[in-house]
Structure formats: structure tokens, C-alpha cells
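Data first, discussion second: the structure below is written as C-alpha cells.
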Amino acid sequence: MTTKNAIIMAAGKGTRMKSKLVKVLHQVCGKSMVDHVLTQVEATHMANIVTIVGHGAKDVEAALGDRTEYAVQTEQLGTGHAVLQAESLLKDADGMTLIVSGDTPLFKAETFEELFEYHQAKGAAGTILTSKAPNPQGYGRVVRNRLGIVEKIVEQKDATKEEQEIHEINTGVYCFDNQKLFAALHEVTNDNAQGEYYLTDVIQIMKNQGDVVAAYQMDDFDESMGVNTRAALAQATKVMQQRINAQHMENGVSIINPDDTYIDAGVKIGADTIIEPGVLIKGHTTIGEDCFIGAHSEIHDMVIEDRVRVTASFLEDSIMHADSNIGPYSHLRPQAEIGEHVHLGNFVEVKKAKIGNRTKVGHLTYVGDATLGQDINVGCGVVFVNYDGVNKHHTNVGDSAFIGSNSNIIAPVEVADHSFIAAGSTITDDVNFHDMAIARARQTNKPDFWGRLPHEPENM
């Protein structure tokens, strides 16, 4: 089997993005553009992967880690100069070398494999991946002769009027014989309008040496989309989102309105789950089978087991076990764990708390820094008061306890199994097994107090 290598171009500053963030680290559906590219390159089982870094090199290296080797382009002298920086790492490598830009997040591994196969079938020294662009403005044009053989690639600024009318464009992806690539790069000059060392000049050098140069035209132009502006980033995100949603639907997920549903690339969703419009599912979220995610819910880095129902709520970095439900208008903050068959109603906030099976927290409640057992009823308006102004404190509530409405639980306290807290209580001490705690002022009625009012209210 022929050895395969890859070079990912990620050294550019991306000035048109007008951003402090390195261009290739801008995200498309939850992953940086260069991460998308690297993931697809990895899927083609490369022997060597080298990423060319320059602007923001440390940030790119931190983002990609040890999944790739790195070569640094200290001066931005063109694409040919950039590739040449990988020579020290690949000079002894045989076989084929793929070159792809780190700002093209929509390429698929299958396309790279097709390019490799075509390159080998043609016995080529270099093969260009091309596409037909509806609007080729800004792209390098692929110039062919009457027999359809590639003559050259000409950049937009160097193209004649006739050449600018060509719609077949260079996608910026190439497959080269590795040894011939670096030999040709040493012959590239910067005698052009930009004063740069163009990688595309390698094509003409190879042709002049009598080597075969081929061009493989891909069908899907969107896949070759490069991102240089915020508008292009939005367009790439739209295409990627359509692709992600289509894959989930193919796997048995019902997405009511795919055009109004945002799902990150790392999300996993089980079959027969229904997702309503306006939903955002982000990060490394996993959703089980037969779930319902209601309209306008936002979910980040969650584990949601089977048959969970989420209604118009915000969930982040927590776990919901099977057959539980939440919402509308509730919030799971980080490190919450919700047991099976739990009911969390409207306007409930849970933070760094564990709630046991079959417990019900109906509405207007804050549960923070607490462990609640099984079969507990938490009434309306209950607050777990966890902060003393300096430190957070923990509360434990045992199985089958009952907490009446409008109660304040002042941590740290222990509320035992089968205990009862009367409505309106402020609990500052432990509540023992089978006890009822009442911590409120006794009601006093004042007879005939109405007549003592300074004046009689109108309409009474």
C-alpha cells in the first residue's frame, strides 16, 4: 500500500475576519475549522500529518495537541513557502502527500480518498482537486487545453479577462508525489503580482519536467468552501448544520424544522427522539432514545438518558436519568444529577445538586449544593439557602421527606427520612426521622382592626 502523508495549511492571519482569534480556530458547529479538517484527514489513515502554523501558532498547537506534527512559517511568503516548511519533517517520506487548507471545514474524508485513487490511477506526479463554482470570483482558475489536459492554474489577480471567465476553480487541495513535490518547491520563484511563492507554480514546473499532472473535479462545490470572512463562516456553518441534521434524521431522529434547529458536530442523539423548532444542542451532549426536546430549549454538554422530556428549558453540564422531565422555563446548572422519574416543573433552578428517583420539585424553587433522596415532595417557592456570604454549604434531605411551600432551608442542615417541614418555615437546625419541623411566627388575629385604619380604602 502506498504511504499517505498530509500537510494542513494553518499559518494565515485571516485579516478579513477582523478578529483577535486566529482564523482557523473560528468554530463551525462546535469545532474549530482546522479541527474539522484534521478529523477528516485522520480518517484517511495518514502515515504523517504536518500542520503549518504561523500567526497564533501556540493557540493552534494547544487546540490540536499531539494529533499532528507542526512546522512553523515565520514569514508569510506564500503557499509554496508555507509547504516548504514541512520539508524537514517529510523529506524522507515516500508515497503521496495531500495538501489542504485549514480554513476549509466542509471537506469529507471520502473526497480525499477519491483524490488519492484518481491520482494513482493517472500515474500523476501532481493532482489538483477542482470544482465548478457558480461565482468563481477570488478563486484560482484551472486552465485546460482543447484535450481537457490541465495547462496551468492562474490566480485571480494574475488572470487575463478570458481566464477570469473560467468557472472551474482550484479548491486549494492537492495530491503530490512527496519527493517530487519538495524538489519542485525549490524551483518556485516569487515573480508574480503578489510577490509570493505560489504552490500552484509547482504544477507548471512538473509539466515542464514531463511529469503527468491531473485534475479531479468534485461534484459538490459547497464542500470546497473556504472561509475568509464572517459571512463565509456563517455560510459554512449553515452547510455543516444541514449536513449534521440530515445525518441525525437518517439515524431515526425527528427534527420538526431542520432549518431552525442547531446541533453541534459532537452531539449524539438516539432514535425516535423528537426535536422541536428553535432548539440548540451544543458541546459533547448525548441524548438517549424516545426523548422529547421542546421548542426553544438550549442544551450544553449534557447526558440525557432515554425517555426524558425537556420543555423550553436551559440545561448545562449535568445528567438527567431516564424517564425524568423538566420545564417549562427551568435551568440545570453545572454538576446537577437528576434521577429517574423525577419531575422538575416550571421555574426550577438546580445547581451542583443530586435529586433522587421519583422526587418532585414542582415550581419556583432553587436547589443548590444539596443531595435530595428518593420520593421527596418539594413545594412551591422553596429555597435551599447555600451561601453565607463567604462559603457555600451543603444540605442533605432523606427519602420520602416533605418540604412545604415557601420554606427556606439554611445550609448546612440534615433533613432525615420521612420527616416533614411545614409550609413557610425557615429551617436552621437538623430535622430528625419522622419529625415535623415548624419554624415560623404564630398567627395572631386582631379583632375589629379594620376600624382602626386611618381612613377607609376606596372601593372596599
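Here the Cβ of each residue, glycine as well, is placed from N, Cα and C on the backbone.
Site annotation for acetyl-CoA in Swiss-Prot covers N386, Y387, S405, A423, and the matching candidate from R440, R442 is R440. Set side by side, the binding-site residues D103, E155 differ in how many other CB atoms lie within 10 angstroms of their CB, and the most is found at D103.
Within the same chain, residues 17, 26, 28-29, 33, 36, 105-106, 222, 225, 258, 261-265, 267, 269, 271 sit at least 6 positions outside the region 'Linker' (231-251) and bring their C-beta atoms closer than 8 Å to a C-beta of that stretch. Less than 8 angstroms from the CB of Y387 (acetyl-CoA binding site) sit H393, each of them six or more residues away in the same chain. Ranking the binding-site residues N386, A423, R440 by Cα distance from S101 (UDP-N-acetyl-alpha-D-glucosamine binding site) puts N386 first. A straight line from the CA of E155 (UDP-N-acetyl-alpha-D-glucosamine binding site) to the CA of H363 (active site, proton acceptor) spans 63 Å.
In the three-state DSSP reading, H363 (active site, proton acceptor) counts as strand. Around N228 (UDP-N-acetyl-alpha-D-glucosamine binding site), taking its Cβ as the centre, 15 other Cβ atoms fall within 10 Å, counting all chains. Comparing the Cα of K351 (UDP-N-acetyl-alpha-D-glucosamine binding site) with the Cα of every entry in H363, N386, R440, these being the recorded positions, the smallest distance points to N386.
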